[in-house]
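In what follows, a structure is listed as structure tokens, so that the remarks can point back to it.
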Amino acid sequence: MTSSVRVLGRNLPELCVIMTPNFWILVVALLINITGFYCCLYSEEDPDIPVIAKYFTTKGRYEEVNPHLRDDILFVNRSALKPPSPQCREAHLTAVIRHGTRYPTIKNIQKMRRLYGLVESRASGEESWLREIQSQWTMWYTDDMDGRLAMKGVSDHKHLAVRLSKLFPSLLTEEKLRAGQVNFMTSSKHRCVNSTLSFMAGLTEQWAIRDVEFEHTLNDALMRFFDKCTRFVEEIDKNATALAEMQLFKEGPEMRRVQEKIADRLRVPYQSITEEMAEAAFDLCAYEFAIKAVNSPWCCLFDEVDALVMEYSNDLKQFWKRSYGHDINSKASCILFHDVFSRLDKAANEIKSGQQVTEAVTIQIGHAETLLPLLTLLGFFRDSEALKSTNFAQQAQRSFRTSYMMPYAANLLLVLYDCGNGDLRLQALLNEKPVAFPGLTDLTSSMPRYEDVRSHYRELLRGCDFETECQLFNKPVDS
Ligand SMILES: O=P(O)(O)O[C@H]1[C@H](OP(=O)(O)O)[C@@H](OP(=O)(O)O)[C@H](O)[C@@H](O)[C@H]1OP(=O)(O)O
């Protein structure tokens, strides 16, 4: 991706049409050198997309993980599914989905408000992006927004529903929906309930269904298992030392340099740009883009080097609070793991006994902290080395990158195929892209036999007891 510069509020290419490119490049280079004039970068692909949009971690858009959707939000590629033989037919779909694009939580809105006050009153400079913040932009986020679903989040789920009905045209159908063979389960949080209603609306609008309303069940035991797991609550959620690596990185040299560069761009004292202020600025850039599709002037406070540091800081949070950092993080999702496989087993047994599959589709809508522990339990995105405060440089090519795994509306799909003669296959898709089960190399196809998948996870299927794992013994963290 090439970058271009925005000078005096206008895109450089527009200015270049009247002079030879070399002349203008020289002028800009001189401007930067003489005045320290910081130009805000944007991508040549699309000036409305911040160059740093690919580093927004759990506050990133689904479209950045599936760029083809920027042009056609309803595009699907069924040929990517590749069942091992033409006689295979999809028999059951379980989808564990994160809610859609949301507003910031109240704690972050308050940080953003403090940052805006600082920039409005103390920053100085003639840069167009700074003048835009100080004279045009207003702090429009209010405390009552507190993590609620944004309108973009409604369309995230409406569009996802339509794409899944196109991806699985014999499963997610109007007939099955009306027959009660499509079940909806959600976290009780408003963003998840509203995402569920949006997903349903995507289907009912597609099929012009107006004569019936469909039910959904609130199930926090499954969708918010982390709240119910005593050991997680006591040893991780309430224990600041569980996130020590994240905290050390936030106080370390890489983050300090980001803070200094922001202070330099704003021409304010270094001590006024704390790590929290840097995080608030990064969040403002991410939320303005995710909610309004705007390449906000706040994004001009970061270059790509800075964004990689901010991304790693949030990946450290997710790694140590929701993933491989502590064993209980993923073991807390045992209850969801068993729920998913119990439904797959039920469908498999109905197929083997020649019965109709009673539950064709289950849509389960939760949070990043619902999906990430489950992906961890299944072994996805595990690196050889843990993410630490001291190995940022070595982790540049890590697979544990929440910008890729966990955007708004992120989803894990498990599709059971009946290939005839008792041959059942199971395919996993993450964010609509087929993924192999980690460590399960199936020689015949990308779609392993269901029994091979069950065998691969036999220890978890036999054990992984939520009550046992979540009991608060005196055993040390990570045992
Ligand atoms: O930093 P914030 O307050 O945004 O963190 C949120 C979580 O957002 P995330 O860290 O995943 O970007 C939010 O997860 P979500 O999937 O529901 O968006 C979580 O529900 C909320 O409690 C905050 O998590 P935290 O761990 O309590 O900071």
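For all residues, glycine too, the Cβ spot is worked out from N, Cα and C.
Checking Cys419, Cys464, Cys470 against TrEMBL, the residue bonded to Cys88 by a disulphide is Cys419.
Here the candidates are Cys285, Cys334, and TrEMBL names Cys285 as the disulfide partner of Cys299. Rounded to a whole value, the Cα-Cα separation of Cys285 (disulfide bond) and Cys88 (disulfide bond) is 45 Å.
Cys88 (disulfide bond) sits 48 Å from Cys299 (disulfide bond), taking the C-alpha atoms as the reference points. Sequence-distant neighbours of Cys419 (disulfide bond) (same chain, 6+ apart, CB under 8 A from its CB) are Pro83, Pro84, Ser85, Gln87, Cys88, Arg89, Arg425. Of all Cβ atoms in the protein chains displayed, 26 besides its own lie within 10 Å of the Cβ of Cys285 (disulfide bond).
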